[in-house]
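Asker: What Swiss-Prot records for this protein is below:
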TOPO_DOM  1-10  topological domain 'Cytoplasmic'
TRANSMEM  11-31  transmembrane segment
TOPO_DOM  32-87  topological domain 'Extracellular'
TRANSMEM  88-108  transmembrane segment
TOPO_DOM  109-135  topological domain 'Cytoplasmic'
TRANSMEM  136-156  transmembrane segment
TOPO_DOM  157-174  topological domain 'Extracellular'
TRANSMEM  175-195  transmembrane segment
TOPO_DOM  196-244  topological domain 'Cytoplasmic'
MOD_RES   SER228  phosphoserine
MOD_RES   SER231  phosphoserine
Amino acid sequence: MGCRDVHAATVLSFLCGIASVAGLFAGTLLPNWRKLRLITFNRNEKNLTVYTGLWVKCARYDGSSDCLMYDTTWYSSVDQLDLRVLQFALPLSMLIAMGALLLCLIGMCNTAFRSSVPNIKLAKCLVNSAGCHLVAGLLFFLAGTVSLSPSIWVIFYNIHLNKKFEPVFSFDYAVYVTIASAGGLFMTSLILFIWYCTCKSLPSPFWQPLYSHPPSMHTYSQPYSARSRLSAIEIDIPVVSHTT
């Protein structure tokens, strides 16, 4: 499959981007970012674990699947700085990644359905597929950075909480889901960069990141209406003379 066709690398990056955005969405909604485990020494009582998410909080006894306390207004009263930052960082990261997916889709559709004979009237509306993929790679990298940094901060903030209070705090599996999704965004960006750097060595302006006419556009002459403003001297008009 040539670089001028819909390449397997671009399809793989698109699917990887979708999976990464889905992982970020799941990590954003999961109520399993931090656990607060309260241990009792009374044999007649059970240990209590408080699961803290970005939007809700749930407290349940050990061995129970039902929440003893389910706080749906937790998102407005979050008192932990790392979770408050994640409330803004993860939706922003998903928004950037979805913009990158849209650019990837535009680039692939333009590559798959473009005509081999360009329409001169639509010359200013042509889409540069390589440029779309290049910008999408940059956006994927930005989205991964926005989501990865605060997710790793949760790990170090747990250490701070355990030192400040008691060693009862631990991070939960939503941290792993988000870090893995951010890694998927970085891998998507890397695939697009490798694809672009491999294909741009072709001697064609098609691989320039900015808009440029395809090579076949230069073989077309301008319509006569664009030349009609030339003077009679510039236009080669045959002159017929009559001899007596």
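Using N, Cα and C of the backbone, Cβ positions are placed for all residues, glycine too.
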Asker: State the non-local partners of the transmembrane segment (88-108) in its own chain: residues 6+ outside its ends, Cβ under 8 Å from one of its Cβ atoms.
Answerer: 6, 10-11, 13-14, 17-18, 20-21, 24-25, 27-28, 54, 127, 129-133, 135-137, 139-140, 142-144, 146-147, 149-150, 178, 182, 185, 188, 192
Asker: Mind checking which residues reach the transmembrane segment (136-156)? Cβ under 8 Å, same chain, six or more beyond either end.
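Answerer: Here the qualifying positions are 13, 17, 20, 24, 27, 33-34, 82-83, 85-86, 89-90, 92-94, 96-97, 99-101, 103-104, 107, 171, 175, 178-179, 181-186, 188-189, 192-193, 196.
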Asker: Which residues of the chain, 6 or more past the ends of the transmembrane segment (11-31), have a CB below 8 A from one of its CBs?
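Answerer: Residues 51-58, 90-91, 93-94, 97-98, 100-101, 104-105, 108, 133, 136-137, 140, 144, 147, 151, 172-175, 177-178, 180-182, 184-185, 187-188, 191-192, 195 contact the transmembrane segment (11-31) from elsewhere in the chain.
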Asker: Averaged across the topological domain 'Cytoplasmic' (1-10), what pLDDT does the model get? Just tell me the whole number, please.
Answerer: 66
Asker: How many of the residues that make up the topological domain 'Extracellular' (32-87) does DSSP mark as helix, as strand and as coil?
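Answerer: Tallied per class, the topological domain 'Extracellular' (32-87) gives 10 helix, 18 strand, 28 coil.
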Asker: Mind checking how the topological domain 'Extracellular' (157-174) divides into helix, strand and coil residues in DSSP?
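Answerer: Helix/strand/coil tally for the topological domain 'Extracellular' (157-174): 10 helix, 3 strand, 5 coil.
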Asker: Please give the sequence-distant neighbours of the topological domain 'Extracellular' (157-174): residues at least 6 beyond its ends with Cβ less than 8 Å from one of its Cβ atoms.
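Answerer: Same-chain residues near the topological domain 'Extracellular' (157-174) but 6 or more away: 27, 30-39, 51, 53, 80-82.
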